[in-house]
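What Swiss-Prot records for K38 is active site. For D13, V14, G15, K16, T17, Y18, D55, E116, G117, S118, G119, N179, N180, the entry in Swiss-Prot reads ATP binding site. If you look up Swiss-Prot, you'll see T17, D55, E116 marked as Mg(2+) binding site. According to Swiss-Prot, the substrate binding site annotation covers S42, on the basis of sequence analysis.
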Amino acid sequence: MSKGVFITATGTDVGKTYISALLVKKLKQQGINAGYYKAALSGGVMIDGNIVAKDAEYVLKMSKIDKNPNDYVSYIFKLSASPHLAAQFENTEILMSKIVNDFEGIKNEFDYVTIEGSGGIICPIFIGEKPIMLIDIIKQLNLDIIIVSNSELGTINSTMLTVEYAKQNHINIKAIILNNFDSNNIIHIDNKRVIKELSRLTVYTCGTNVKDCEISLEDILNFYTDV
């Protein structure tokens, strides 16, 4: 049976892809059959007339997985916007059944799967007759989550709102990771302390350098549960 964890965040561009790549890379370095999946990606880049899932490409390159990144994303859109708007712009219906089927295939390929979300935890994936929110995907795939937050001023509010939303939706939170953490910044240091105290969760930090991430292999393995 495969194991998985879902990487969500307090918003866009706080480091979900970087953290996903870091986890997959560390597992791969230990000889573990680890892989990646993302249900919907917007902001795909056109290269030689073909759209490329850049987030997936980054993760696969960083973790040295020599595969086509597009094979690990169910829906890829060119418009850099929320998936629901990108799908509407390209007249595409996003189906939960495809996401589930694609994830089943990924599970058969890898022993450990890191699943990256889109935007923040309250992200509309598809608005239509059968609307899909990001939380619906997390529940459907039966995954625990890691919340990635920025370390800057204001992160206490955004992080705790994300924590409370997940709890209200009965989603299990494995940990919080503060990204772009500066161990010499008094605000960053206090943010970690306060978030840990308020959330009662384990709070890890990652700096701009991979070596500055304080997450051990044992901790990483504990993030993943049977799926």
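Any Cβ shown, glycine's included, is placed from N, Cα and C.
Source: prediction; values computed, not measured.
Features as recorded by Swiss-Prot, highlighted on the structure.
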| residue | record | Cβ within 10 Å |
| --- | --- | --- |
| D13 | ATP binding site | 9 |
| G15 | ATP binding site | 21 |
| T17 | ATP binding site | 23 |
| K38 | active site | 26 |
| S42 | substrate binding site | 24 |
| D55 | ATP binding site | 25 |
| E116 | Mg(2+) binding site | 26 |
| G117 | ATP binding site | 24 |
| G119 | ATP binding site | 22 |
| N180 | ATP binding site | 18 |
E116 (Mg(2+) binding site) sits from D55 (ATP binding site) (Cα to Cα, rounded, in Å) at a distance of 9
Taking the centre of the Cβ atoms of T17, D55, E116 as the Mg(2+) site, the remaining residues of that chain with Cβ inside 8 Å are I7, K16, S20, A21, Y36, K38, L41, A56, Y58, V59
Rounding to whole Å, the Cα atoms of S42 (substrate binding site) and N180 (ATP binding site) are apart by 23
